[in-house]
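**Q** Checked TrEMBL, it gives:
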REPEAT    82-114  repeat 'ANK'
REPEAT    324-358  repeat 'ANK'
REPEAT    360-392  repeat 'ANK'
REPEAT    428-460  repeat 'ANK'
REPEAT    508-540  repeat 'ANK'
REPEAT    541-573  repeat 'ANK'
REPEAT    759-791  repeat 'ANK'
REPEAT    792-824  repeat 'ANK'
Amino acid sequence: MERKSNKESSKYNDQELYEELEKAILENDLTKIKIIIKNNSNYKKLNYNKELLIKAIKQSSNNSIIEYFISNEVDLNYEVLSGNTPLFEALNKHNYYLVDELLKRGADINYSNAKGYNVLLYLKESNCTCLTGELFRFLLKRNIDLSFKSKKNKTFLECLIEEENLKMLEIFISNVIFSNDIIIQFIVSSRNKIPISRKALNSIIKKEKEKLEIKKRTMDTIISKNNSELLKIILKYKMNILNENSINDMLLNSCKAKNIEYLKLLIEKGADVNYRETNTLITPLMSLSIINKNLKIKHMNAVIYEMFKLLIDAGAYINERDVDGKTALMYILSTKKASTKLVKLLVKHGAKINDFDYKSNNSPLIYACIGNNRYVLKFLLESGADTSIVTKDGNQLIFHATMNECIFLTQYLIENKLVNDLNCVDANFETPLMHAVRKKNIILIKYLLDNGADINYINDKCESALSKLLSSDRVSKKLIKCLEILIDYGANLNNIYYITQNNGLTYSRETPLINMVNRRKLNMVELLINKGADVNGKDLKGATPLYYAVKINNCKIVKFLFDNGAKIDNSNIEINRKLLSYSFLSYRLLRLLIKQGFEINDYIVNAKAKFNNYLLSIATTSSKMMSIRFLLANNANPYQNNFRKFLPFQEVILGYQNNKFENSKKIIECYESFGVDIKKINENGEDLLNCVVIYSYNMDFIESMTKYLVEEKNMDINTKNNNNITFLMNLMNKNNLKIEFIKYLVEEHNCDINSVDCNGNNALMYALYYGNSTIYNYLLDKCQNFNHKNNQGTNLLMLSVKSAELDTIERLIENGISINEVDNEGRNALFYVYNEINIEASRKYKRSFFYGNKFIKFRNYKYLIDQGINLNCIDKEGKNSIFYINDVEVVKYSVEHGMDITHRDNEGCTILFNTTNTEIMKYAISQGVDASLRDVNGHTAIYKLKPINGFKNICKDNILYLLEHGADIKDYQFSCGNSYYFYYNYNADDIFQLINLGFDFDCVNVLDNENNDEVKETFLDYFIANYHRYDIMNFVNILKTAINKNLFNVNRKNFLGDTPLVNLMKTLSENAFRDEKLYHDLITSMVDYGADLEICGMEGKAPLYYALMFSSSLVKTLYSKGARTLYCHGEIKTLINIENVIMHDKCDDSIKCEIIEYLEDIQQANINEKINGSYIIFLAIEQKCYNVVKYLISKNVSLSHTNNKNETVMDVAKRINDISITNLISRQKRQKY
């Protein structure tokens, strides 16, 4: 481009202008830059200055040029398209002088661009080489925010770790925390003998540590990267940025990830190999034992073995337990990856093979069943593992072996005669064979059957091995193979079993054949019948497989059953009635039944089927022509009113099938061909024509069907139903109603427009009511009596004001209707504009109320006022029309034109009692309406704010506003339809608000049992019943606050006879509560506020009884506060002692043991002596309290005691048939001798 002179410089176009300025920046020519800008007035409009400033910084231009561009910018916190800013670029060039100048002029060191990058993230993405230790130190001194997070929610440090940018990571950490500057500061202080106090030193260290924080998710990232160099860098600076718990957590996670290199590094750096996870108490050894199925590591067992050795050599405790009492051995045994070599290593170093966990009383051998490694099982058995173990749920080892498909262990137990009864049942009444069948393990099934398992054993739930197999949701090849084996071994195919489906959600009592019929499995039906299943076998209802095949409408199965001897029992009329109802919509199925001898009589044909409807009505609604013909041919009654009060042929109007009109015509003609009179009326007095208009929605269908019935079937257009409503009146509420159709009815078929219904309404009144202007204007032209009123005294003007055009209203007034005329209730036309006054006669299906257009209503309202209507007209209730208005603008207009807003009705209520509109309330009060006024019953306006189902159904602002202006909170009525909706309507914030207002929690529900306040539920009852839906802290704080404010009586009995304390503890005891300490504190607070601990509830149980279901600490607290009563019967109270604690049927054994020990001390009881004539150990055995017996034995209670029946401890254990207690006593005796 040829260079232009200065005089020509004003002729640059936009592109040339930018290029010339760019050249001037490269030439460092400030004079030229100023001349170009001065001679180009459009420079400022083009906004080039922002990019040129960054360009000048990028080119390291003279400071004068950069200063010139800076002076043209008001705000330096901007970015260009690339995301760069002046500050970012200055830092990129390491121009620290310029950075400080930019900061002085308002540049933000922590500015974030559109991509969500701050300066560190931006420079990292664009130019990593500029990020030096010097730059990091510089930024730190200028207060860069190191905790800043990108849009991906990552800090700069987390990004470096994620990218494994080791070089930059080390530079960054070393210059951020305890940098050379800090070290030099310490050296200088030391040389100059300037002492630093411990407090100052700690402050410096704390400040340095807080500069960077490595969170758990960052540690998880470090673990997932499996980069030992990355971990080395972090550990190198661990004293700076990690606390000891962080390193220990990393050790746990490294063990979970099976990362041996990390483990070595962490042990070397002093991580605690016996560290426990806070909530679970899991140690690194246990963490190493947990093997994720998705974990993919080469030579897995070898790696884990080496890691175990490292931890053990570093001092890891082998027999540490987690919160459930599980050890590392138990963890590793329960995995499929457990190797014999590893198990031997643990046992060699002291792992106990006959230990038990706390939760289930499971031993390592039982956990080994889960792992199901025959070599591990063999090693444990050879090492002396106890095979007599019984878990807390009462299951013997054989159950664990079969449910985990341990064939080796099952064989070992049976062949060594360690199973007394192969048909024994577990806690769920399942036998070992049932477990094997449920797992579909063919080898195990055969082995058990060959060794004496009873194929037809039926448990207490009426289940057998066969029914367990059929309870599988999927019919697989494996299931079929197992079924064939069970049948070959003699399984009874014709018994009625309890069979579950859908993972136990549904069940039935049926034969295997009926089960497969219901599941539509034709191949299984064939198999069962071929194997001997009775094709006519019945269930408990007397129904056969054929019945169910017909019910599910499966022709193939029905045909197969008939081909194999299925019979129809015509003597069972009820079954046959149902068969017909299931089959009549499928004519093919119906013919098949008749062909096989199915007999039909009048009772069967005319009986009610599903949904309490008749077969003929159902067939008509479904448009099943063949079924209709069949039923009519077999004497089905065409004149029976069904549950809708329809006659069967009137059902043609229902349904949404294609070609509805043509199909309906064919059905009507079908009925007529059987001599049915289609002009008959139903119980509502409706003929077919009226049914068409009342119950149909499609106007095309209504028009077509009406013309067909009137012209071809000679039906009377002027017939009325029981309420004297005509076809024409019913037509008025239809959408898309055409005037041509009305003219057709009136002018061609003499439809009577002057007829009135039982309420005195004519067709014109219906038309005005529904607001169809074309129709009502047509009828007005034919109107003979403009002064007609209905039985309520409503005239045409009153019906028109909601939606009619002004010319219509004017026309009615001109025809002699008085504007101030009132109806029987004393209401003039003004009431009808906004009040919902229904004129329709009662009928089954009412259309929705017509509300009218808001603009039209207000226009008509103003017109009536302008015409001099009486604004303060009062109805019989003493209300003026403003009581019914819910629009504040209309209210204001009414008041401005003279309506009395302070008016009170016959009940003494003002408008505040009748509105829920906050704006109207505020306006009314501003106009002098007093919110503190009470009605004749002594209530303020808040009393009338009755929510339908709670607090949310009304505006909370209304209540607060009324209370602020004098309403009484005692008038607020708590109402709730049922407990389910309580939480939805009363959330925590709502309740806190009510508390602040002084709401009484003992307030009864006005919707509950309205005739008797004594048996109503209170607000407190509902709140406690819904405790599980609230946040624990909120629930507890609400009750504590309510107690502090004395908002309920802590000893008041509710309608069930429970005090709040008993009600709360009973409710909590029915569910697993989540935070024991919080509820403990709440219960203690209620007691401290006077809750009586000796009062029993409706079930005769006192708070101490429920406390035993909570925790030992709560029992001790209540006991210390004077609680002694457990429960009572009439006047007789049962007090707490060791005997009654053991007798408690809902108390956990662990709590019983602690309380027994507590009572031994407090009540000076001796557990080795008789209490009330018997030794405690016998009572514990009788109650099957395994852990209590275990506790008593640990306290050296004598096992040689005898009871009053001269039975020994062992005799009683055997009598109650509790194997776990029997084994416990046997082991104790063996150890003793």
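Including glycine, each Cβ sits where the backbone N, Cα and C put it.
Please treat TrEMBL annotations as automatic predictions, because they have not gone through curation.
Since we're looking at a predicted model, the values are computed, not measured.
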**Q** Looking only at the repeat 'ANK' (759-791), how are its residues distributed among DSSP helix, strand and coil?
**A** 17 helix, 1 strand, 15 coil
**Q** Quick test of the contact rule: Cβ under 8 Å, at least six residues beyond the ends. What residues does that give for the repeat 'ANK' (508-540)?
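**A** Apart from its flanks, the repeat 'ANK' (508-540) reaches 462, 466-467, 470, 475, 480, 483-484, 487, 493-499, 501, 546, 548-549, 552, 554, 556-557, 560-561, 564-567.
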**Q** Sort out the residues at least 6 away from either end of the repeat 'ANK' (792-824), same chain, that have Cβ-Cβ distances under 8 Å to it, and list them.
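**A** Result: 759-760, 764-765, 768-769, 771, 773, 776-777, 780, 783, 786, 830-833, 837, 839, 850-853, 856-857, 859-861, 863-864, 867-870, 873.
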**Q** With DSSP as the yardstick, break the repeat 'ANK' (428-460) down into helix, strand and coil residue counts.
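**A** For that range the per-state counts are 17 helix, 0 strand, 16 coil.
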**Q** Please count the residues of the repeat 'ANK' (82-114) that DSSP assigns to helix (H, G, I), strand (E, B) and coil.
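**A** Reading the DSSP string over the repeat 'ANK' (82-114) gives 16 helix, 0 strand, 17 coil.
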